[in-house]
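These come from TrEMBL:
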REPEAT    76-111  repeat 'PPR'
REPEAT    178-208  repeat 'PPR'
REPEAT    276-310  repeat 'PPR'
REPEAT    377-411  repeat 'PPR'
Amino acid sequence: MEKLSLKSTVLKLLQQPPNIPSTTKHLHQLHSLLIVRGGAVTEHLPLAAKLADLFADAGRPSLAYLVLKPFHRYPSPFLFNSLLSTIARRPDAAESAVSVYKHMVRDSIPPDKYTFPIVLKACSKFYGIGECRQLHGATLKMGFECDAFVCNALLYAYSVCGEFGCARELFDRMTVRDVVSWTGLISGYVKGGLFQEALELFRRMDVDPNDATLVTLLSVCGRLGELRVGARIHGSMLRRGLGAGLIAGNALLDMYAKCERMEEAKRVFGGMAERDVVSWTSMMSCLAGCERARDAIQLFHGMMESGVEPDKVVLSAVLSACASLGALDSGRWVREYIDRKGFEWDAHIGTALVDMYAKCGCLDEAVATFHEMPYRNISSWNALIGGLAMHGCGNDALQYFDLMVREGIAPNEVTFVAVLSACSHSGLLVQGRRLFNSMTEFYHLKPRIEHYGCIIDLLGRAGLVAEAYKTVRAMPMRPDVLIWGALLSACKAQADVELSQQILNHLLDLEPCDSDSGVYVLLSNIFATNDRWRDVTRMRKLMRRKGIRKEPGSSVVEVNGKAHEFLVGEMDHPQKEEIWKMMYILAKHVQLDCR
């Protein structure tokens, strides 16, 4: 009677909120009391299970195991599986779960098919590939090689640990493969960056995919630009009634954004019943990728009005949109928001700010922001060097390039595009040649077509058209429209009509030239400069025959935080009357000032 009363009292204490037996010391006292007063733990299974769980929650897995050890002859390892599950749920106790499993084996407590998945998942948390292989061997010895539940857990563990060869070998040997098996290996490939392998495996799939499979595959389609496959998956999701939910909607948005399909992304975004920061970020990235920076900024304002707090990814994206438009006021507002909310400056935020200030023409603020950054990566240096180059500050750009190298940061291909562009815009011929040669000789970087474009532009601006043409002819890759266009610009400056005609012949051989009006207009202008009007007419007729139209120029102005874009000859702006009146007033002032 006394034992029964004691067990009831202790069980009530253990079932109280955690602050009653709040420390390991209290748990020890209760455990000792039960043992001293008659071995009550071994006689009361619920009491032992509760006490073991509390020890596990308190971060003492070995003590939890000792509480359950007297039950090792229990017909099922259910109690130990429950303990393993409790331990494995703790973020810092995965290795402890494996240790408890080893104690079970040493004490001859046989695991069952539910034990292995728990321990395998724990192994995957600390990438214990050695332990995974040992567990795989144990499953074979115990005859679980045909159990789909155990094999799927092994697939997951191997995939997370990056052992895709072992995972694929296991998958191919499985006699029964369900949708979890296929999805597990596909997900593993995706996490390991093996997107093509994931897509090929999906095409071989001989069972109906589930929702998790489809959502995983959408990320593959986005990475590979497989729009057709992604659209088919979208259709399948709609037939299943899946697509308006948050997870599925975000996956669809991400896929369409990476494929730069703005209209489809807008339809998905508009149809979502719920949106989180990921939804807004994906839509904003899609707009920015489709060169709709103004819409991206408007979407950001809509996000703020909806009460969704932006994260660093969103803030970096909207800063890039501000940079594209030259929307300085909006960019400064974002900077104030970052400071007001106490966002920690990482390399992404800092780089986006430097890029925004530089592209908006605020070089002093760009430089100051660069020096305020607590951590700078190669992209940060590239943003500043590129910004200085854009505004003709070639010597400053080269100084920061030298500083970057002195600080031990190796330049990449993007860096050399920036510094070569700086040399071109500032007429630094000697430095430009030296840097171009250093790419291969010192930094072991293979020049790409962008680098050749910079050096050809540099030579052309220096009047060395013949050398520039020789460089083009020696390129290891086929010159594109931009290369010939740069050389054509140099020909115009030197009035070299004959070479211009040769370049035109090369341009006509290029397929992309059929959609590029700039080179035709440039060549037409060269002919006009030299009074070759018949050739001008021939160029215009050639453009009409090919259906090529010159894209109208545009300019962007920011007023009260809103960007307004104007096209040449545009007549349908809602405030055109006020604009024309103001232009008339300004013209009058200019006339008066000139008198």
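We count from 1, first residue shown onward.
Just so you know, glycine gets a Cβ as well, placed from its N, Cα and C.
Nobody curates TrEMBL annotations by hand; they come from automatic prediction.
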With DSSP as the yardstick, break the repeat 'PPR' (377-411) down into helix, strand and coil residue counts.
26 helix, 0 strand, 9 coil
Within the same chain, where does the repeat 'PPR' (377-411) have neighbours whose Cβ lies under 8 angstroms from its own Cβ atoms, ignoring anything closer than 6 residues to its ends? I mean 6 or more beyond.
347, 350-351, 354-355, 357-359, 361, 363, 366-367, 370, 417-419, 421-423, 425-428, 431, 443, 445
Helix, strand, coil: count each for the residues of the repeat 'PPR' (76-111), based on DSSP.
25 helix, 0 strand, 11 coil
